Ligand SMILES: O=P(O)(O)OC[C@H]1O[C@H](OP(=O)(O)OP(=O)(O)O)[C@H](O)[C@@H]1O
Ligand SMILES: O=C(O)c1cc(=O)[nH]c(=O)[nH]1
């Protein structure tokens, strides 16, 4: 079992901030989880990689990945730990903007049309960022059924995924930080 309590403590210590914030969706918030502070810390990478591999269980997809930049270190952590454990897994990164030269692609990585992908994300608020990542991955021929995130802010993301037939599973919710709204 990955150490859930250690992840909660690390996020509290390094990523959870209170104040006035504008979110990616344009919503206003009184707290913010700067998860890059955790996913780009070796302690966080190890905990999140282990937690997400646990969520995958035996039902391994071909690929994991999601919207840059939040998803990128999560993908790297999962792949590295899978490699250390001798497990076969590949990843993708989804660009916010298409590459302006070379291949001009939105979705980067060693994938093939028809393969299964689990979307990963740091924070889910409305779910809009990951739904866009899903749209781009499906346009590239990938099959998406599940979305994994570190924290669910419980602001409608789960319902937005469900409405389109995707299941959200998260390591934590804001309730793990004593936040109720
Ligand atoms: O569920 P949503 O309403 O879409 O909000 C959550 C998204 O917002 C943040 O991304 P941001 O756009 O700040 O970009 P970054 O990952 O590039 O920092 C975060 O990484 C999620 O992707
Ligand atoms: O909704 C967002 O944009 C958002 C919320 C949050 O807590 N952390 C983050 O990185 N993005």
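Positions of Cβ are set from backbone N, Cα and C atoms, glycine also.
Unlike curated entries, TrEMBL annotations are predicted automatically.
The 5-phospho-alpha-D-ribose 1-diphosphate binding site annotation in TrEMBL covers 95, 96, 99, 101, 121, 122, 123, 124, 125, 126, 127, 128, 129. Per TrEMBL, the feature orotate binding site maps to 125, 153.
Looking only at other Cβ atoms within 10 Å, the busiest spot among the binding-site residues 95, 153 turns out to be 153. Among the residues the record lists as binding 5-phospho-alpha-D-ribose 1-diphosphate, namely 95, 96, 99, 101, 121, 122, 123, 124, 125, 126, 127, 128, 129, the two farthest apart have Cα atoms separated by 32 Å. According to its DSSP assignment, residue 129 (5-phospho-alpha-D-ribose 1-diphosphate binding site) is helical.
Checked against ligand 1, the binding-site residues 123, 127, 153 give 123, 127 in sequence order as having a Cβ less than 6 Å away from one of its atoms. Counting only the Cα atoms, the space from residue 153 (orotate binding site) to residue 129 (5-phospho-alpha-D-ribose 1-diphosphate binding site) is about 14 angstrom. Remark: residue 127 (5-phospho-alpha-D-ribose 1-diphosphate binding site) has 147, 156, 157, 158, 160, 161, 168 as non-local neighbours, by Cβ distance under 8 Å and separation of at least 6 in sequence.
Of the listed binding-site residues 125, 129, the Cβ environment within 10 Å is emptiest of other Cβ atoms at 125. With a CB cut-off of under 6 A applied against ligand 2, the binding-site residues 95, 123, 125, 129 are reduced to 123, 125.
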